[in-house]
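These notes concern the structure reproduced below.
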Amino acid sequence: MTERTPLLNYRLSASVNESESRSPLANQAPEKLPGSPRHRSSPQRQPKKLSVFFGVVVPTMLSMFSVVVFLRIGFVVGQAGLYQGIAMFLVAYFIISMTVLSVCAISTNGALDAGGAYYMISRALGPEFGGSIGLMFFLANVCGSALFVLGLVEAILGTFGIPEDPTLAPTAHQILPSGYWWSLLYGTVIALLCLLVCLVGAHIYAKATFIIFLVVIVVLIMIFISFFVVLPKPIPLPSSSFFNGTGPGFPTTANYTGFKLETLLGNLYGGYSVDYTTGNMMTFATVFAVMFNGCTGIMAGSNIS
């Protein structure tokens, strides 16, 4: 057995051969253990392509400040309230803390090669369990990439896209065509750009993520500044496709109040209602499922490190 042998395979082999190793023949010298200093191989370490900051800190922070935080945090507080929203984040970070402890336990239990979380799982549980879990992990990465791309398209069209509701007049900076097929085209172009960055190599990936990181920091700063600069005003809402005209309809305008004690007190407790875009009744589980997508940044850092 070596340091790179799966732990489960090592335990099973050690338990099977335990009786044989207890009674060695008298005329034979005890066999040297593979982990002894004389027999331990010294594999050549691969050169580091990325530093800790560009390879771990920046990707993890970018995944933490994901598109869900920017586009769906208002949805979470509006449906669940501030108290239940904080409880959701506590539950999410408890799950993340358990994941971090598991990653630390596996990564410090032997030598690790390239492969990220899949290599750690396959080494700890063997190739059979690692392969099945790795397949689900691959599909999760694909769905996560699609989520981030569609979130970027939604943010771009929400700012620069022509409103699909004919009752809303476009502003001067809303010039991009909008619609289902236009969104599909924008998302395809962005996905191809991401593929091109990944094909070029790790260095261009580090530069691209650092530029995106700077943009995210600037956006966060501008959000805090807007709290004090933007005055209270009414905001027109697009008409919902689930309103058929027979029952109580959705409001057509919303009020932005800024910092106001009355608004804070009104958002403390949950008020689950029918979702504006899907027409489904929201619950704690459905809102938590939307919010938890923005709390999976630890896997990005573990995959690269």
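Each Cβ is built from the backbone N, Cα and C atoms, and glycine gets one as well.
Taken from TrEMBL, the feature compositional bias 'Polar residues' covers 13-26.
Annotated compositional bias 'Basic residues' per TrEMBL: 37-46, in sequence order.
Annotated domain 'Amino acid permease/ SLC12A' per TrEMBL: 55-305, in sequence order. The domain 'Amino acid permease/ SLC12A' (55-305) scores a mean pLDDT of 80 in the predicted structure.
According to TrEMBL, the region 'Disordered' annotation covers 13-46.
Annotation source TrEMBL lists transmembrane segment at 50-74 (among others).
What TrEMBL records for 86-112 (among others) is transmembrane segment.
Per TrEMBL, the feature transmembrane segment maps to 133-160 (among others). Residues 66-68, 70-71, 117-118, 121-122, 125, 173-176, 178, 182-183, 186-187, 190-191, 194, 293, 296 of the same chain lie 6 or more positions beyond the ends of the transmembrane segment (133-160) yet place their CB under 8 Å from a CB of it.
According to TrEMBL, the feature transmembrane segment maps to 180-202 (among others).
Marked as transmembrane segment by TrEMBL: 209-231 (among others).
According to TrEMBL, the transmembrane segment annotation covers 281-301 (among others).
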